[in-house]
Amino acid sequence: MNAERDLSPLTPNIVRALNDKMYEKRKVAALEIEKLVREFVSQNNTAQIKHVIQILSQEFALSQHPHSRKGGLIGLAACSIALGKDSGQYLRELIEPVLTCFNDADSRLRYYACEALYNIVKVARGSVLPHFNVLFDGLSKLAADPDPNVKSGSELLDRLLKDIVTESSKFDLVGFVPLLRERIYSNNQYARQFIISWILVLESVPDINLLDYLPEILDGLFQILGDNSKEIRKMCEVSLGEFLKEIKKLPDSVKFAEMANILVIHCQSTDDLIQLTAMTWMREFLQLAGRVMLPYSSGILTAVLPCLSYDDRKKNIKEVANVCNQSLMKLITPEDDETDEVRQSPATQPDEDFSSNHENSSQHTTYNRTLPSAPDSSLDNANIFAPSSMNTCPVSLNLDGIVHVLDRHLHESTTGMMTRICVLKWLYHLYIKTPRKMFRHTDSLFPILLKTLSDESDEVILKDLEVLAEIASSPAGQTDIVTDCNDLPTGMSELHVPVPTKVTQAHGSVIRGLECSPSTPTMNSYFHRFMVNLLKRFSNERKLLEIRGAFIIRQLCLLLNAENIFHSMADILLREEDLKFASTMVQNLNSILLTSSELFQLRSQLKDLQTPESCNLFCCLYRSWCHNPVATVSLCFLTQNYQHAYNLIQKFGDLEVTVDFLTEVDKLVQLIECPIFTYLRLQLLDVENNPYLIRALYGLLMLLPQSSAFQLLSHRLQCVPNPQLMRPGHKQEESSRAPKEDPARIDYVELLQHFEKVQNKHLEIRHQRSGAGELLERRLVQ
């Protein structure tokens, strides 16, 4: 700059001094400028004041020469000091050139700019608040300055500005929040520290309600919470803690819905502190906001469910997640099963996409997880000024989204045991609270629920059975026409069973056991489908039948009607084409029937056959039990049909006696010695009235080889008393015994013919397999 150039009212000496490289000379020039401006102020000469500021700005502060810029900065500061309380009229002209120097490449010049702005702000105090955003923007950049002197200077200016904001009641929070939202996504540690420090200050000012704008900055706060610096993490943790305290104090004014998806995202963070903090917030939101959170249920479950399988290393997160899960579950009521006439209001309807609306976060952060599809996945920054009364608007349950999340967790092989248990608890809860809506999803859920029966955990299987039992017994699942197994959705397992024809039971005296599965008020159209598909699963997974079959059926007998289960399975097995499986399944069912404490009442019902219903059940079981000869005999023992048992054993001579057959006879002998057949053993005392029982037992004895079972049964039969010893009291006993009523005549001849027919089928199939095996062997030899 030409020092001789006319820059009046600045004198040539002042101009030369301002351009000097020596700081002391520039300082002297600044004092002269201060005197000059004071004189103009006393004269109220605003034109000259503006002219001086313009010269210092254009000719010095914005000059290409570094020393001139330094002179301009100190000159502008001198003007501000001279103006005093009147500096507010000229703040824009004073501040803008100084802020421009914040971007200077020379660190010394940036330091002088800090110093100049400090003096300007110190004089103006509250008058600078209308320019707060530009000051904050400049300071946020200097907070990350690599030069320690510049950073130190910016910190002094920062403290001064915070004091001014704290003292003032005219802070423009509405205008400041967009800038704060933008700057909060900085990745620089110093910039983050600067942002958090300002949030803490604003939180502490009583007249500033930052809580209203929390949805705008909450995501950024959680981003900062993951910073590598412990100090910054601690500051952010304190800030979030203060916000949460305010939320608890004033829940009615909190915009819970606008922050729900932010929490959902951060509840899935891989950073433990972020996840624990977000989960803690979610817990409080669920308890404070209640049903306002229902539209976000699927997203919440997406975040919470995996945490339930955490080990002790993340015990805190697991415990909080469990509370969140329980709280969310309690929000669902039977009213949610009503018609969908009440729609979500626009205020509570979640938006379509979080990332598209969050204009700033999309530039600064990438989320590794995706939320479930609409409507549980959004935040709309446009609603920041919406009234808090939005939280009281009616909400509806998005059951489709919830079921989608639950179904996905059941399908994923990596899902932990506790999570699977919780998913099944959720399904059971939904079938209890919202059965009508849940049955819309039953066809899609049925296959995975059946597959879950193969889970390694007994507890998972128990919960799965509870869900299946509720599906099979809920009145909401009853349809006008019983759904045939051939109508199941694609991919649903089914047995190859002919459609059972509905036979109207004749009023005659002979009972036929070929009717379809029972239809009772407690069973719906899904019950028969469940039985068909359960047997199909046992057929395809013999290991499941072997290891868990008895456990599953026994639990079902506790959850459902045992008679219906056995009646239905017997009816299905009667039409089973895989005869080997049918025999194995009958053997398992028979063992359960005879040994399980859960079936005590059913055994008592079959033991006496005193009602037409019990006789009908016996006939139904008998026809399927014919797939397994020894099981058929044991059923006759249970029902005290000793003569028919003897007749069956007589037919055993025509059967193919295998090792498996003899093993089953051995097990039956062992079973006769158990408490279940105590009544049978006592009946051996009444020799004359139970001759066929003794004959049947001797028949079993003759079938057995010389083994431990043979010795056991032989010793038992040796204890049978001599009929002659029992004869003296026989007449008296016979006269006192009332004749046993026969509630319905059972055609035992027809049943025996059915037994022969079924066993002939088994023999034919075995011969076919044997012949095919021999033919294959001959071909291999040739």
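Using N, Cα and C of the backbone, Cβ positions are placed for all residues, glycine too.
Keep in mind it's a predicted model, so treat the numbers as computed, not measured.
Over in Swiss-Prot, the protein carries these features:
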REPEAT    5-42  repeat 'HEAT 1'
REPEAT    89-126  repeat 'HEAT 2'
REPEAT    171-208  repeat 'HEAT 3'
REPEAT    212-249  repeat 'HEAT 4'
REGION    334-375  region 'Disordered'
COMPBIAS  357-375  compositional bias 'Polar residues'
REPEAT    440-477  repeat 'HEAT 5'
REPEAT    560-598  repeat 'HEAT 6'
Original post:
If you run through the repeat 'HEAT 1' (5-42) with DSSP, how many residues end up as helix, strand and coil?
Top reply: 27 helix, 0 strand, 11 coil
Subject >> Winner by Cβ pairs under 8 Å against the repeat 'HEAT 5' (440-477), considering only 5-42, 89-126, 212-249, 560-598 >> reply: 560-598
Original post:
Near the repeat 'HEAT 1' (5-42), which same-chain residues lie under 8 Å Cβ to Cβ, leaving out any that are not at least 6 residues past its ends?
Top reply: 48-49, 51-52, 55-56, 59-60, 65, 67-68, 70-72, 74-75, 77-79, 81-84, 86
Subject >> DSSP-assigned states of the repeat 'HEAT 2' (89-126) in counts, ordered helix, strand, coil >> reply: 33 helix, 0 strand, 5 coil
**OP:** Express the predicted model's confidence over the repeat 'HEAT 4' (212-249) as a mean pLDDT, rounded to an integer.
**Re:** 96
